[in-house]
Amino acid sequence: MYLVVGLGNIGKEYKQTRHNIGFDVVDIIAEKYNIEINRQKFKGSYGEGRIGNEKIILLKPSTYMNLSGESVIEAANFYKIDKENIIVIYDDMSIDIGKLRVRGKGSAGGHNGIKNIIQHLNSDIFPRVRVGIGQPDENVVNYVLGKFSKDQREIIEKVLAMSAKACISIVEDGVTEAMNKYNGVKIEV
């Protein structure tokens with residue numbers, strides 16, 4: 001069983017912002033596998049389904065980004081999911097737009113949502129899909145809560161689809177295979 005968590009902020013004002021990349025990827029997976037994310041529990045919205053023979057829980061925390069760990073730990077404990085089977089999808093400023101990076105473990109890298117998840121799980125050993133949003137020319141908060149330009153959006157739509165495939169690959173083939181397949185790929189217009 002896998003817990004697939006997309007990080008983001010709830011509310012219409014945050015829809016399609018850079019910081020809501022995780023929510024967007026989870027929505028793509030939900031659509032592909034006909035999973036309704038309409039149940040409220042674990043301080044978030046979730047739905048259950050299958051990727052092949054593997055049961056998955058899709059979770060969108062409603063705690064706001066910086067407290068995402070509260071939601072993740074509640075769902076993980078309820079379903080008794082191993083940390084190695086918790087996949088977290090989120091935006092990453094250290095990666096260029098058009099790229100993603102799959103990792104099996106690692107530090108928060110300055111991302112407060114991941115930092116909070118690491119604190120609550122008491123471990124940094126969980127897979128993640130880091131989606132590049134590029135470096136800001138402006139205030140970081142304004143940047144991550146801002147929307148992509150039209151040109152960037154074209155690239156991001158393709159990266160979101162690729163990120164969903166990377167998550168599915170982790171479930172079906174394992175982290176190493178997903179890393180080999182998706183790390184280093186760059187989407188351009």
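A Cβ is built for glycine as well, from the same backbone N, Cα and C atoms used for every other residue.
What Swiss-Prot records for this protein:
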type	residues	note
ACT_SITE	His19	active site, proton acceptor
BINDING	Tyr14, Tyr64, Asn66, Asn112	tRNA binding site
SITE	Asn9	site 'Discriminates between blocked and unblocked aminoacyl-tRNA'
SITE	Asp91	site 'Stabilizes the basic form of H active site to accept a proton'
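Feature map: Swiss-Prot annotations on the structure.
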residue	record	DSSP (3 states)
Asn9	site 'Discriminates between blocked and unblocked aminoacyl-tRNA'	coil
Tyr14	tRNA binding site	helix
His19	active site, proton acceptor	helix
Tyr64	tRNA binding site	coil
Asp91	site 'Stabilizes the basic form of H active site to accept a proton'	strand
Asn112	tRNA binding site	helix
Review point. Quick one: Cα separation, Tyr64 (tRNA binding site) versus Asn9 (site 'Discriminates between blocked and unblocked aminoacyl-tRNA'), in Å?
Key: 5
Study note, to complete from the structure: CB contacts under 8 angstroms to Asn66 (tRNA binding site), restricted to the same chain and 6+ apart in sequence, sorted by sequence, are Asn112, Gly113, Asn116
Practice item. Other Cβ atoms within 10 Å is the metric here; tell me which of the recorded positions Asn9, Asn112 scores highest. Key: Asn9
**Study point:** Check: same-chain CB within 8 A of tRNA site center, minus Tyr14, Tyr64, Asn66, Asn112
**Key:** Asn9, His19, Thr63, Met65, Leu67, Ser68, Gly113
Revision key, fill the gap. Those recorded positions from Asn9, Tyr14, His19 that fall inside 10 A of Asp91 (site 'Stabilizes the basic form of H active site to accept a proton') by CA distance are His19
Practice item. Rounded to the nearest Å, what's the C-alpha distance separating Asn9 (site 'Discriminates between blocked and unblocked aminoacyl-tRNA') and the residue listed as 'active site, proton acceptor'? Just drop the number here, would you? Key: 7
Exercise for review: Have a look around His19 (active site, proton acceptor) and count the other CB atoms within 10 A of its CB, chains all included.
Suggested key: 22
